[in-house]
Amino acid sequence: MLKIGEHIFQSRLMLGTGKYPSFASQKEAVNISGTEVLTFAVRRMDIFDSNEPNLLEELDLQKYSLLPNTAGAKTAEEAVRIARLAKASELCDMIKVEVIGCDKTLLPDPFETMKASVQLLEEGFTVLTYTSDDVVLARRLEEEGVHAIMPGASPIGSGQGIVNPLNLQFIIEQSNIPVIVDAGIGSPSDASYAMELGADGILLNTAVSGAEDPVKMAEAMKLAIESGRLGYEAGRIPRKTYASKSSPESGVIG
Ligand SMILES: CC(=O)[C@@H](O)[C@H](O)COP(=O)(O)O
């Protein structure tokens, strides 16, 4: 079970809705992934105009919690404006704060991200903040009261997987709020690894929408996240430098 603010989810996978080859594959991938949370860029949709193209039009939105995100914002002010727009449409009280500080890497601007998160908390949003894997920033965001931290595994859309597992581990260890690894996941093993490290969930988009078979990949991600979580809960064996025999040397019959 994953609890973010007042929201409770059984699935630990959050899925992006953009860049699918077709509405049909988007619908099927979303369905088979078992996700309960769909994120979308408010700026890419005219949520008030039913005549405009709607990325979510093929989905049964009653079945999902919507997580609007502030993608496209480069300042706190822009992010806050986008979030208010999402709230006015009464889609959900959750907001993924995403304030990009660099066009080439799409890495978040830590100062503007913090500013936007604080403002939106004051306005009563359930705030999930996309951040870099900076350990101190993650702690400061938690201290401010955000409801979940979303550290990137690697740059958005890069599919590079977890480039700094140690930072991720530090963030997970110190956090008392959910840690959702967001961005850069390329394969099921990346997702599983993040979950084995103790992440509470994964948000991903490109790895599924850009796969040769998005539907198969969505299912693979679902299974990988479940498997990684189980492995984490089971507790892995410690790493040793040298070998130790697998068979017991005493108390053996025969
Ligand atoms: C959809 C969304 O919110 C993305 O900005 C998110 O960060 C996912 O990144 P990937 O496409 O790398 O999975």
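Even glycines carry a Cβ here, placed using N, Cα and C.
Unlike curated entries, TrEMBL annotations are predicted automatically.
The following features are taken from TrEMBL:
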- Lys96: active site, schiff-base intermediate with DXP (ACT_SITE)
- Gly157, Ala183, Gly184, Asn205, Thr206: 1-deoxy-D-xylulose 5-phosphate binding site (BINDING)
- 3-248: domain 'Thiazole synthase ThiG' (DOMAIN)
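Summarising model confidence by region, the domain 'Thiazole synthase ThiG' (3-248) averages a pLDDT of 93. Same-chain neighbours of the 1-deoxy-D-xylulose 5-phosphate site beyond Gly157, Ala183, Gly184, Asn205, Thr206, judged by a C-beta within 8 angstroms of the site's C-beta center, are, in sequence order, Gly16, Pro155, Ile156, Ser158, Gly159, Ile185, Leu204, Ala207.
Over all protein chains present, the Cβ of Thr206 (1-deoxy-D-xylulose 5-phosphate binding site) has 18 other Cβ atoms lying within 10 Å. The number of other CB atoms found within 10 A of the CB of Ala183 (1-deoxy-D-xylulose 5-phosphate binding site), across every protein chain shown, is 27. In this structure the C-alpha atoms belonging to Gly184 (1-deoxy-D-xylulose 5-phosphate binding site) and Lys96 (active site, schiff-base intermediate with DXP) are separated by 16 Å. For the pair Lys96 (active site, schiff-base intermediate with DXP) and Asn205 (1-deoxy-D-xylulose 5-phosphate binding site), the Cα-Cα distance reads 14 Å. In this view, Lys96 (active site, schiff-base intermediate with DXP) is surrounded by 28 other Cβ atoms within 10 Å of its Cβ, with every protein chain counted. Among the residues Gly157, Ala183, Gly184, Asn205, Thr206 said to bind 1-deoxy-D-xylulose 5-phosphate, no two Cα atoms are farther apart than 9 Å.
For the recorded site, Ala183 (1-deoxy-D-xylulose 5-phosphate binding site), the DSSP three-state label reads coil. Look at Asn205 (1-deoxy-D-xylulose 5-phosphate binding site): DSSP puts it in coil. Summarising the environment of Asn205 (1-deoxy-D-xylulose 5-phosphate binding site), the number of other Cβ atoms within 10 Å of its Cβ, over all protein chains shown, is 21.
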